[in-house]
Amino acid sequence: MDINTDKYKNITRNLEREMINLNPIQRGGILPTESKKIIYEYWDGYSVCDYCSGRLDQIETPPINEFLEDMSKFLGMDITRPTHGARESKYAVMNSICKEGDYVVLDGNAHYTSYVALERAKLNYEKTDIEEYPTFRVIPESYAEKIDMLEDSKKNIGLILLTHVDGNYGNVADVEKVGKIAKSKGYPFLLNCAYSAGRMPIDGKKLNVDFIAASGHKSMAASGPCGLLSINKKYENEVLETSKVNVLKELQMLGCTSRGIPILSLMASFEHLIERVKKWDLELEKTRKVVNELEPLGFKQIGEKPRNHDIIRFETPILDEIAEKDKRRGFFFYEELKKRGIGGIRRGVTKEFKMSVYGLTNTQVDYVINSMKSIINELR
């Protein structure tokens with residue numbers, strides 16, 4: 001067999017070690033030092049299963065069972081299971097409580113994985129309305145309108161889904177309003193918290209939520225792939241139904257899910273998560289400072305104002321103007337940031353970009369702001 005494996009040796013990544021990373025999909029998943037230590041203990045395959053009696057969520061050493069109970073308290077829910085990510089959590093709900101052909105009513109900012117999950121579960125969807133440019137906020141009242149429309153058409157509704165914080169604009173949806181609508185209409189309510197649980201405080205019961213889909217690698221300082229599904233006890237029998245062949249194994253989990261470093265890294269980061277969500281107001285202060293400092297340069301923040309989440313989306317006509325005369329064209333901004341030790345902005349993009357300063361120190365935030373100012377002022 002003629003295979004050269006040299007390219008797979010000594011693979012390295014220096015973005016986090018040597019640069020300030022502004023990628024919003026990565027800021028919430030950065031591991032604290034104490035969580036990195038656990039990797040050396042559990043990097044072998046199935047090492048988490050040393051003392052397993054057949055179910056991942058029941059393992060006592062390491063204390064996965066206690067961790068899941070504590071995570072339920074943290075999220076304000078009753079029962080929690082580990083998954084491989086928020087998308088798998090959403091699919092588990094759809095595939096268990098909905099019938100083939102049912103409709104999922106979901107927001108206009110829903111992540112593509114919500115559509116992939118419902119399509120895989122052989123479901124239909126009805127998308128609710130959002131505000132127009134430049135805010136793009138979810139309109140809660142549209143849920144009631146779409147539900148009424150489907151009911152009038154004799155269509156079966158299986159689930160109401162809301163994206164708590166969308167990845168395009170970083171808008172925080174009004175969960176309580178949508179939750180009240182779902183409850184009054186009598187439909188189960190799933191909240192996609194991929195960009196919120198672990199970054200900001202969440203209380204599922206206060207929000208009238210039946211299910212929470214969370215992402216460990218996106219927002220809970222965990223290695224990927226890792227996620228969580230938290231549910232209300234009311235749906236335990238449906239969502240956590242066990243196999244007829246192997247009565248221990250839960251069908252929607254395919255027996256066991258995150259069985260290695262990802263779940264252990266999430267456990268090791270739990271104390272860090274508990275503490276950091278208490279400082280959410282400070283994160284918003286840093287985010288709003290970035291917007292306030294950069295908009296006078298010719299940036300325009302898209303989405304709700306003031307910012308209620310760390311994701312920032314800027315339209316940047318000033319960068320487009322510079323790109324027209326710079327010999328590096330659209331790559332100049334990426335290269336100038338890289339010179340200054342800043343990464344995470346997509347290469348070749350000048351019309352708009354997304355960023356986040358979540359978890360950065362105030363000194364780092366000021367450095368990012370001043371670096372962008374210097375780039376614009378030097379090249380405009």
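Cβ coordinates come from backbone N, Cα and C, glycine included.
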Note: Swiss-Prot has Ala86, Arg87, Ser215, Gly216, His217 binding pyridoxal 5'-phosphate, and from Asn109, Asn124, Asn192, Asn246 that site also includes Asn192
Ala86, Arg87, Asn192, Ser215, Gly216, His217 bind pyridoxal 5'-phosphate per the record; greatest CA separation between any two, in Å, is 14
According to DSSP, Asn192 (pyridoxal 5'-phosphate binding site) sits in strand
Integer Å value for the Cα distance linking Ala86 (pyridoxal 5'-phosphate binding site) with Lys218 (N6-(pyridoxal phosphate)lysine) is 9
Apart from the site residues Ala86, Arg87, Asn192, Ser215, Gly216, His217, the 8 Å Cβ neighbourhood of the pyridoxal 5'-phosphate centroid comprises Thr83, Gly85, Glu88, Ser89, Ala194, Ala213, Ala214, Lys218, Ser219, Cys226, Gly227, Leu228
One residue among the recorded positions Arg87, Lys218 has the fewest other C-beta atoms within 10 A of its C-beta, namely Arg87
